[in-house]
Structure formats: structure tokens, C-alpha cells
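Everything on this sheet refers to the single structure shown next.
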Amino acid sequence: MILIVGLGNPGKQYEQTRHNIGFDVIDYMANKYNIDVNREKFKGICGEGFIENKKVILLKPLTYMNLSGESIRELANFYKLEDDEIIVVYDDISLDIGRLRIREKGSAGGHNGIKSIIQNLGGDKFPRVKVGVGQPKDNLVNHVLGKFSKEDREHIEKVIPVVSDAIVEIVKNDAKESMNKFNGVNIE
């Protein structure tokens, strides 16, 4: 079983913000693979299904970004998942819109959601897919909690299916395969 987690913040006011790109990817994958993400459990909302004949759980933690690790830890403990069976997708301000970066493991890189996950899991050896949301021109909080411009939103709508494909590559094969295929790609 593979856990696919999209990071974001709960609540209408955060929908379609840069910080909620992980939620957007989970919504896309749920629709594409006919997985109902509607069960409130493990401090989140989740659903089970199959991708590439592998059982997956899609999860959107409802703890707010900075406490995401609590939700993931509860689910991972319940299903006895290893860290490398958890894939996390989230926003990255160091990448331009249209770029993504897959990593097998690594530090939080200043992302509080990832910091919470590392603290709660007790390690950093879980694959992650970083989705570029562009660099802030001024205030970081306003940037990540702000909505995309109309032009950027149209661009991100082209990016989300590619992010989904990168995650499926990890599910099917592994993070290295996905890294080779998707790192460095610029989605126009």
C-alpha cells in the first residue's frame, strides 16, 4: 500500500492558493482514478483505491500545514507503512511555476509542512514531489497564502496532470525513475 499525501490548509479561504497545490493534486488524482476522498479519519480526509494495480490511500491532512505530520503519522501507524511508502506533494517557492522536482529524501528546506512530517515520522526518507509556485516578490506568507493570477492558474492547470504522472511513476516504479523522467522538465 502507498500513501499519497497532498499538503494544504483546510477551509474555503485557502482553496486554490499556492500553499494548497498539494490538495489540488489529490483532487485531480481522486477524479482521474475514481477514488472517493471523503472519509474523515486520521486528522484528515482520505480515500482508498488503486493506481496501476497498487492499493493507494489519498490523504489531505486537515490539521493546517504546520501540523501535517500528525495526520500522516496516525495513518502510517494504523496501516504500518514504512516511510518509503509515503509520497508527499507540496508547494515550493524556490521553483518557478511549470517546474517540479522529485526527491527520494531530504531536509525540510524551510517548508513547515515537511518539517512537521520529518518530526512526526522521525526521519526524512520519504519520496516527495515539489511543485513550483514561484518566488515571492515581497511577503512570503502573503505569497503562499495568495491565489494564483488568472494566467498562473491556467499554467498550473497544465502542471497538475504532469505532477500526477510523476507520482504515478513513483507508485509504479520508484522515485529514481520519476526523478529521471520529470526533474528538469519545464511545463509550458
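Glycine too: its Cβ is placed from the backbone N, Cα and C atoms.
What you are looking at is a predicted structure, and each value in this text was computed from that prediction instead of being measured.
Here is what Swiss-Prot records for this protein:
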type	residues	note
ACT_SITE	His19	active site, proton acceptor
BINDING	Tyr14, Tyr64, Asn66, Asn112	tRNA binding site
SITE	Asn9	site 'Discriminates between blocked and unblocked aminoacyl-tRNA'
SITE	Asp91	site 'Stabilizes the basic form of H active site to accept a proton'
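Sequence features annotated in Swiss-Prot and their locations in the structure.
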| residue | record | Cβ contacts under 8 Å, 6 or more apart |
| --- | --- | --- |
| Asn9 | site 'Discriminates between blocked and unblocked aminoacyl-tRNA' | Thr17, His19, Asn20, Tyr64, Met65, Leu145 |
| Tyr14 | tRNA binding site | Gly8, Asn20, Leu145 |
| Asn66 | tRNA binding site | Asn112, Gly113, Lys115, Ser116 |
| Asp91 | site 'Stabilizes the basic form of H active site to accept a proton' | Leu7, Arg18, His19, Asn20, Ile21, Gly22, His111, Lys130, Val131, Val133, Val144 |
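Here the binding residues for tRNA are Tyr14, Tyr64, Asn66, Asn112. Their largest Cα to Cα distance works out to 16 Å. DSSP assigns Asn9 (site 'Discriminates between blocked and unblocked aminoacyl-tRNA') to coil in the three-state reduction, placing it in neither a helix nor a strand. In this view, Tyr64 (tRNA binding site) is surrounded by 17 other Cβ atoms within 10 Å of its Cβ, with every protein chain counted. According to DSSP, Tyr64 (tRNA binding site) sits in a coil region rather than a helix or strand.
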